[in-house]
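What follows is a set of notes on a single structure, which appears directly below.
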């Protein structure tokens, strides 16, 4: 056959697939046609109103007199007498809530029409109301948009300024580092950096002070000097409690750097340092480290004051032999023997510093506890005083109110007397 067995049929919005065979097509069409177009009433038959189209679903009032006269036929079953169709919830919702009409006798069909017209009027009113509401909302939204438009412009200004600030900061890292240092300085910051000469001594001093605190940072330093001196610095690193991984850099002699690093490593936890070739780079790094360290320990700055005095003397003595070794690179053996002596001295100094720190830490702890206790006591006293003052104030207020009331009462009595007299 040329006609396909199954067809995809779509009805309105419903896009579901309905396979219809050739045999059942006729009955299927008949059924659906009857749904769309109801059959015309047969002549001589009364039209029965459907309960789904009536709002009152109350049980019909049965007149017993009429039933007595007109009895239902014997063959009719009780289930057939009842109307099986339930009132449709869908139609009720469509119509809207309409007050239940009185029970109609014969003119039931007329009442249905009136209900429908009422419902249509109601729906029209609702639609109008909705439209008005929507328009009002739109107007308010427009107003808010107009008012809100200047606000973002104001907000943009600080953003631009922030960007400018960012550019400035990226241009001068050194300045920023200085500012950080200034803001986060504790009362007892060491001020002995300037005493050293303009050579590596300055770098060493700043690094040393940074490393005296318990926690340090990691360092990469790249080398251009002799291999013998590098080897010496590596040996020294291993000798300390917790050594650091060093790659030595710069335009100056590696021996000088080794000397300065050695002193720094005597503290509890050593750090791995990034040191750039130029002096400014070294100073920046030192200042940033100091800023971080100040955050962590305020107490450590006191310890540095004690340690720097001893370290400076040792550093100045060590710098002289190291400078000679840098001038003549052949005298590596002599410097090695000196380094051995310096290591021993450093270890001794480290032990002394450790003992001092332990003592100071205990004393600091006691002090802090005492301070806390004093603060608490002061606060308690203040609270008690405040409570007392509050109570007194309340009493005063009550007294004032009472006095006012008494005065008012007296005045009222006086007025009444005057009126009576008149």
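Positions of Cβ are set from backbone N, Cα and C atoms, glycine also.
It should be emphasised that the depicted structure is a prediction, and the values quoted were computed from it without experimental measurement.
According to Swiss-Prot, the features are:
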type: REGION; residues: 25-421; note: region '38 X 3 AA repeats of K-K-X'
type: REGION; residues: 39-59; note: region 'Disordered'
type: COMPBIAS; residues: 50-59; note: compositional bias 'Polar residues'
type: REGION; residues: 101-422; note: region 'Disordered'
type: COMPBIAS; residues: 118-149; note: compositional bias 'Basic and acidic residues'
type: COMPBIAS; residues: 157-178; note: compositional bias 'Basic and acidic residues'
type: REGION; residues: 179-263; note: region '3 X approximate tandem repeats'
type: COMPBIAS; residues: 179-190; note: compositional bias 'Basic residues'
type: COMPBIAS; residues: 191-298; note: compositional bias 'Basic and acidic residues'
type: REPEAT; residues: 233-263; note: repeat '3'
type: COMPBIAS; residues: 310-368; note: compositional bias 'Basic and acidic residues'
type: COMPBIAS; residues: 369-388; note: compositional bias 'Basic residues'
type: COMPBIAS; residues: 398-422; note: compositional bias 'Basic residues'
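Note: the compositional bias 'Basic residues' (398-422) comprises 24 helix, 0 strand, 1 coil (DSSP; helix = H, G, I, strand = E, B). Using a Cβ-Cβ cut-off under 8 Å and counting only residues 6 or more beyond its ends in the same chain, the compositional bias 'Basic residues' (369-388) has no close neighbours at all.
Across the compositional bias 'Basic residues' (369-388), DSSP helix (H, G, I), strand (E, B) and coil residues number 20 helix, 0 strand, 0 coil.
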